[in-house]
Amino acid sequence: MVGIIGNPVRHSLSPIMHNRALSHLGLNWVYLSFEVEPARARSAIEGARDLGMVGLNVTMPFKMEAVEWVDIKDGSVILTGSLNTLLFKDSKIMGFNTDGIGFLNSLREKSISLQGRKVLLIGAGGAARAVAFVVAQQEVARLTVLNRTPQKAHRLAQELSSFKPETEINTASYDLGLALVISDSDLIINATSVGMKDHPGIPIPTDDIDQRHIVYDLAYWPLRTELLRDSEERGARVVSGLEMLIHQGAESFRIWTGKEFPLPIVREELTEYLKSIEDRSR
Ligand code: ATR
């Protein structure tokens, strides 16, 4: 038994994703979802361990506080200060963060290399942090952080610089200079909530985006955000957040089962599901 703990958690795609993978591989496992009161989250996790569950995904709002509840932290957790995966082993709770490696693997699958690239990261929250630390490790030519609240962008850039002093890391602001930063970037990553179904809009103007750009939106609902639609129309190569979702899930799955995730099967299942709810919400 595996599952996800969070609040709210009822809209999570993880149960669909993992149950599809488990049944495809013929494993006699089940993935369940647990919406837990914040004050009960720690005891619920300990209860899951004591019940003999294999592991859990952890989502909002417990990704940071759960770091304090684990016995053994993977390097990814120490680096980002947050986790999304627990493995219960020998009565111990082990914590992992598969978001960063999931992001990297999604690019690798598409043969997109980060080496020598100029990267513009929009956002400085939890999702942005997970991506920022793995990007900084990839010999990029430059990593620029842009955020609505500039202080948070500066703080993240400072942390990244102390972690990787040899990488050029700076910040950009929402001002006249932004157009230049956009046109001088190779890979643009949206890690803000702007563009998601409940936060419609676009995080940056797209006038300076063209066929030289790769635009990755970590949002997957809708499948094509306004940023991705506009960028694609302008000739950019676009990547949906569904890819990172699938790849972070693949890493969690490997930690729990030791087996390879059936990526194409899961991608097809989730794409069809998202399209069906998109049709229904029209
Ligand atoms: P997550 O864990 O999903 O990253 P988060 O930590 O709350 O969530 O971060 C949300 C990110 O989206 C932040 O970078 C936030 O900017 P602020 O730091 O200024 O809050 C960004 N964001 C949210 N709403 C936004 C908006 N309307 N315009 C621009 N940025 C926004």
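Quick reminder: no glycine exception, Cβ is built from N, Cα and C everywhere.
TrEMBL entries are annotated by machine, without manual review.
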Of the candidates Leu104, Leu218, Leu223, Leu263, the one that TrEMBL places in the NADP(+) site of Gly123, Ala124, Gly125, Gly126, Ala127, Asn147, Arg148, Thr149, Pro150, Gln151, Lys152, Gly241: Leu218
TrEMBL shikimate site partner of Ser12, Leu13, Ser14, Asn84, Asp99, Tyr220, Gln248, selected from Thr59, Thr192, Thr206, Thr271: Thr59
Between Tyr220 (shikimate binding site) and Lys63 (active site, proton acceptor): CA-CA distance (Å): 19
Residue, out of the recorded positions Lys63, Arg148, Lys152, whose Cβ gathers the largest set of other Cβ atoms within 10 Å: Lys63
Residue with minimal Cβ packing [other Cβ atoms within 10 Å] among the binding-site residues Ser14, Thr59, Asn84, Gln248: Thr59
